[in-house]
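Written out below as structure tokens is the structure these notes cover.
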């Protein structure tokens, strides 16, 4: 076992099982854990963002006369639209807090499978309706999407915590970021699946553009009814498939060694579990474990936690809250931005299914060329550049691009479609090669094992509170596509991102240190609380090319 010194010098003692995990070479089980946890995030993203592709269709089908006075296709009333797109986010917030708490109290594995079951059942339920009226269909949809979000919420703290506790310290950031990067794949598939399904239904349910018949077919039925009504249900229900496919493998994962050893106090079981899945040799240290646990039994609401990690928790919650206002505003309002970029036509120039197709195609292209690369650039660079610099860079660039789009909105909308599309895609890129990834990684590393899942849940729930602001606030400005309101929304989001830039200074760098060094569980309390490395770590200084922020240096 590696020892960092016993006493007041600043280092502490670590356990052999934890040292073995930190120094283990990357193995097949690490890759398997990334895929198992990542498929949960794939499902999360698909379920959360596929609603963007079909929300305008719901307006045409169930509120066909809402814009009759201005001669345009129907749209859902603002309140209903915000409810449909935002109710899953409310569920996600609550699910994060509940599952995060029980992840610390009952164990990560015990509650990990429940999230998938809930997501699968509610994805199927989202495509059902208890009645045929608009209120019955929308009410059913909102009910199941709330509980769908509740299950999705549990995946955030549990997946992040499990991956951080399995990983070695050299590549931990990349492993956690790779799990989160599956969100990008899920967003791509939300657009791709919607595009394919709408194309299939469009082929078998042809109809002229809305302008040609004002939404009515020859026999007086709504545009492409009932094919269009089946189409959106299929898209939502397909979200159950990846959750079902992953359930067996998730149940086969052992409890993390850190939880088994540090919380349950069973060094032997932790050793056996890790030796089954990782090619490492570990000595049992039950006696030393008792001393280790005794020094780290403070609770989340204690003064000791506030002294050690209070500013860290403020930093992770505020930055995630501010990030998600911008990130979810971007995703939920894509359908309103696309006409301005000239990626889609006017609603009246298309029939209902054609509109779903072009919105899905635009979403797919933006995700493929803007969103997706940013996630994987983060995976490649997070353990080289560090979390801190990537987050600062991302917030700054997002703020800059949104400010330019806001100030020059009229010009870009009328004469600069290509430049508008590039700026919009770059904003997505730097969201994901930036705070959308790092705000997920940092709470999984900064806090002690006893409250790690709960603190990640609190941080993530703060983010979802920001997403709710986007769904019920910012989206209200963009829904009608009014240039004045679109401009205001973009400038507001630019300011929000700049606040995120400054709150990042509350968060220390975590790159290259074990979870116990970062949290102070190894006994180096002063160094952990300040974001400092301990003295033994200083004996092996970083290379001249490795950047470290001021908050992580003595």
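Glycine is no exception: its Cβ is also placed from the backbone N, Cα and C atoms.
Annotations in TrEMBL come from automatic prediction, not curation.
Marked as transmembrane segment by TrEMBL: 33-58 (among others).
In this model, the domain 'Major facilitator superfamily (MFS) profile' (33-512) carries an average pLDDT of 86. The domain 'Major facilitator superfamily (MFS) profile' annotation in TrEMBL covers 33-512.
Counting same-chain residues at least six beyond the ends of the transmembrane segment (78-99), those with a Cβ under 8 angstroms from any Cβ of the stretch are 47-48, 51-52, 55, 58-59, 63, 111, 114-115, 138, 141-142, 145-158, 328, 332, 457-458, 460-461, 464-465, 467-468, 471-472, 475-476, 479. The transmembrane segment annotation in TrEMBL covers 78-99 (among others).
Per TrEMBL, the feature transmembrane segment maps to 111-130 (among others).
Below 8 angstroms of C-beta separation, residues 43-44, 47-48, 51, 58, 62, 76, 80, 83-84, 87-100, 103, 111, 114-119, 122-123, 125-126, 128-130, 239, 460-461, 464 of the same chain, each at least six residues beyond the ends of the transmembrane segment (136-154), sit close to that stretch. The transmembrane segment feature in TrEMBL is assigned to 136-154 (among others).
Taken from TrEMBL, the feature transmembrane segment applies to 175-202 (among others).
According to TrEMBL, the feature transmembrane segment maps to 230-249 (among others).
Long-range contacts of the transmembrane segment (362-382) within the same chain: residues 49, 52-53, 173-174, 177-178, 180-181, 183-185, 187-188, 190-192, 194-195, 334, 338, 341, 343-344, 390, 424-434, 436-438, 441, 511, each at least 6 residues beyond the stretch ends and with a Cβ under 8 Å from a Cβ of the stretch. Residues or ranges marked as transmembrane segment in TrEMBL: 362-382 (among others).
Listed as Cβ neighbours of the transmembrane segment (388-407) (distance under 8 Å, sequence separation of 6 or more from its ends, same chain) are residues 319, 323, 326, 378, 381-382, 420, 423-424, 426-427, 430-439, 442, 487-491, 493-495, 497-498, 500-501, 504, 507-509, 547, 549, 551-552. Taken from TrEMBL, the feature transmembrane segment covers 388-407 (among others).
Residues or ranges marked as transmembrane segment by TrEMBL: 419-437 (among others).
Residues or ranges marked as transmembrane segment in TrEMBL: 457-477 (among others).
Under 8 Å from some Cβ of the transmembrane segment (489-507) lie the Cβ atoms of residues 311-312, 314-316, 318-319, 322-323, 325-326, 329-330, 333, 387-388, 391-392, 395-396, 398-400, 402-403, 405-407, 409, 435, 442, 446, 474, 477-478, 551, all in the same chain and six or more residues away from its ends. Taken from TrEMBL, the feature transmembrane segment covers 489-507 (among others).
Positions annotated as region 'Disordered' by TrEMBL: 525-554.
The compositional bias 'Polar residues' annotation in TrEMBL covers 542-554.
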(request) Give residue numbers and ranges for long-range contacts of the transmembrane segment (230-249): same chain, 6 or more residues beyond its ends, CB-CB under 8 A. (result) 32, 36, 39-40, 42-43, 46-47, 50-51, 53-54, 57-58, 113, 116-117, 119-121, 123-124, 126-128, 148, 193-194, 197-198, 201, 353, 356
